[in-house]
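Listed in TrEMBL:
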{"type": "SIGNAL", "residues": "1-18", "note": "signal peptide"}
{"type": "TRANSMEM", "residues": "56-76", "note": "transmembrane segment"}
{"type": "TRANSMEM", "residues": "88-108", "note": "transmembrane segment"}
{"type": "TRANSMEM", "residues": "114-139", "note": "transmembrane segment"}
{"type": "TRANSMEM", "residues": "151-171", "note": "transmembrane segment"}
{"type": "TRANSMEM", "residues": "183-206", "note": "transmembrane segment"}
{"type": "REGION", "residues": "216-253", "note": "region 'Disordered'"}
{"type": "COMPBIAS", "residues": "226-243", "note": "compositional bias 'Basic and acidic residues'"}
{"type": "COMPBIAS", "residues": "244-253", "note": "compositional bias 'Polar residues'"}
{"type": "TRANSMEM", "residues": "285-303", "note": "transmembrane segment"}
{"type": "TRANSMEM", "residues": "323-341", "note": "transmembrane segment"}
{"type": "TRANSMEM", "residues": "371-391", "note": "transmembrane segment"}
{"type": "TRANSMEM", "residues": "412-435", "note": "transmembrane segment"}
{"type": "TRANSMEM", "residues": "441-462", "note": "transmembrane segment"}
Amino acid sequence: MVMFLFMCSAMIKFPVFQSLLYEKACLNSGKFNQSVCGDVQAVHKNVQLQREANHMLLASSLCLLSPSIPMALLLGALFDSWSTRRSLMIPLLGVLLGDFNYVLQTYFLHWNVYFLLISDMLFGFAGGFTSVIGLLFAYSVKMASTGFRSVRVATMEGSLGLGVMSGLLLSGQLRQSFGYTGVFGLLIGLHMLIMVIIVLFIPELAPHGAEERRMSSRRRHSLLPPDERAGREEESVDGERQQDGNGTSSRSAGSTFCCFAIIQKRLADIGRVYRAKRAPSAQRCLNIVLIALGVNLFTSAGLRDILYSFLRYRLQWTDREFGWYSGSNSALNSLSVMLLYPLLHRRAHFGDLQLALGGLLAKIVRDLLLAFASSAVFVSVALGPSVLSRFPTTGMRALASACVQQHEQGKVFALIALMDGVASLCASLFFNGFYPYTLNFFAGTMLLVAVLLLVIPLILLAKIHFIGLDKTLLQLENQNAAAIATQ
């Protein structure tokens, strides 16, 4: 429920925020009044306005993603060692404060457009989307027994996809029915509801290893003679008092150092994936897969940033049409990755490598269709290959998982999450930076650039097959399966 509500709220905001940004940038230019700025058909071909809006999107991504990457590492450590519920509440508090700023900015549309960045900074320094999604998955897995973890993950994936679809389908309709202020007021209500659900219905989980340490301490304490046991209790009380008296002044000074130390340790843990002892063929395969996955994540994040701008410029789409298209696309590829991917993998005996290659080819066809789209019919046709658009990421995650041993699974997925954040940041710089300058000659240029970039992972994954590394992957998968079976 929490994952569904959060993703639904995030996707309601996504197109509405971009529409709001365009309108405020238009008003701030001083060239148009509010009625003209609210009419997409009147301003959609204004290249200068598109350029300013995309530069604002770039600034928004930087303010959100730059602080959220280290904060995600910190919150992951706090989730394991401090408090699960409080760790979840920190990013939700950040997004809630950002919602209040959005309400102010929508009520006073003539205020400077850069005031919108306050919300991105508040959410970014609280952990951002990466933290919320990662912590919710971690909590779900932590709550489940070993035999039911795959079911929990599948349920979370389904909730995530359903939330994305619902939010995108509703976004434009809600904005046209209730206006910007009404939409962000609704988001405040949804985020407050999520926080209430966490407080009332999500139990606190013991920090990793805390229960074992507590039981061990009790066993050692019970073995002491009565006199010594009483003395230890008094020493413990005196020690706590002394810590309260002397530790307060040093706590604030050491907290910053502690945060940096935690982040450094998390990065070091992730880096051990490359220093672990494994067969050279397995390491080579892992390197190839991670490079291919990084390029795929880069192109996906970049197109996600500019697609609304592109369709607004080319087809005069508002957030309502974009929401319908994106919602339909999300519904199709979510159902595909949940139903078709396992069916092809288990029944038709297609490997993760073949499914990832097929998904990359489908994404190339989709991007070519969108690049030359001159009507809504072309965009609708592009929904066909979009069905397989999540296959590459799913397949390459599975391939990376197969390249490492069972006890390294957490580290490799943490590395992929870090790669996703860095790729999103770099993609925003690249695509939002160059896209406005392509409008003077061909608006679909960046989509063609994405096609060329997708050829890189296509070649890399094909190389795995042609040099015989796919056989090594099969052996590693069997070894991991045997390791799980013996646990």
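Glycine is treated like the rest: Cβ placed from N, Cα and C.
Under the criterion of 3 or more C-beta pairs below 8 Å, with sequence separation of 6 or more, the transmembrane segment (56-76) and the transmembrane segment (114-139) qualify as touching.
Long-range contacts of the transmembrane segment (88-108) within the same chain: residues 6, 17, 20, 24, 71, 75, 79, 115-116, 118-120, 122-128, 131-132, 135-136, 139, 179-181, 184-185, 187-188, 191-192, 194-195, 198-199, 202, each at least 6 residues beyond the stretch ends and with a Cβ under 8 Å from a Cβ of the stretch.
Sequence-remote contacts of a segment are chain residues at least 6 beyond its ends whose Cβ falls under 8 Å from one of its Cβ atoms, and for the transmembrane segment (441-462) they are 288-289, 291-293, 295-296, 298-299, 302-303, 306, 310, 313-314, 353, 356-357, 360-361, 363-364, 367-368, 370-373, 392, 396, 431, 434-435. Between the transmembrane segment (371-391) and the stretches 285-303, 323-341, 412-435, the greatest number of Cβ pairs separated by less than 8 Å involves 323-341. Beyond the transmembrane segment (323-341), the same-chain residues lying 6 or more positions past its ends with a Cβ under 8 Å from any Cβ of the stretch are 11, 15, 154, 157-158, 161-162, 164-173, 307, 311, 317, 355, 379, 383, 386-391, 394.
For the transmembrane segment (285-303), the list of distant contacts is 273, 278, 360, 363, 367, 392-393, 396-397, 399-400, 403-404, 412, 415-416, 419-420, 423-424, 426-428, 430-431, 446-447, 450, 453-454, 456-457, 460-461, 463-464, 469, 472-473: same-chain residues at least six beyond its ends, Cβ to Cβ under 8 Å.
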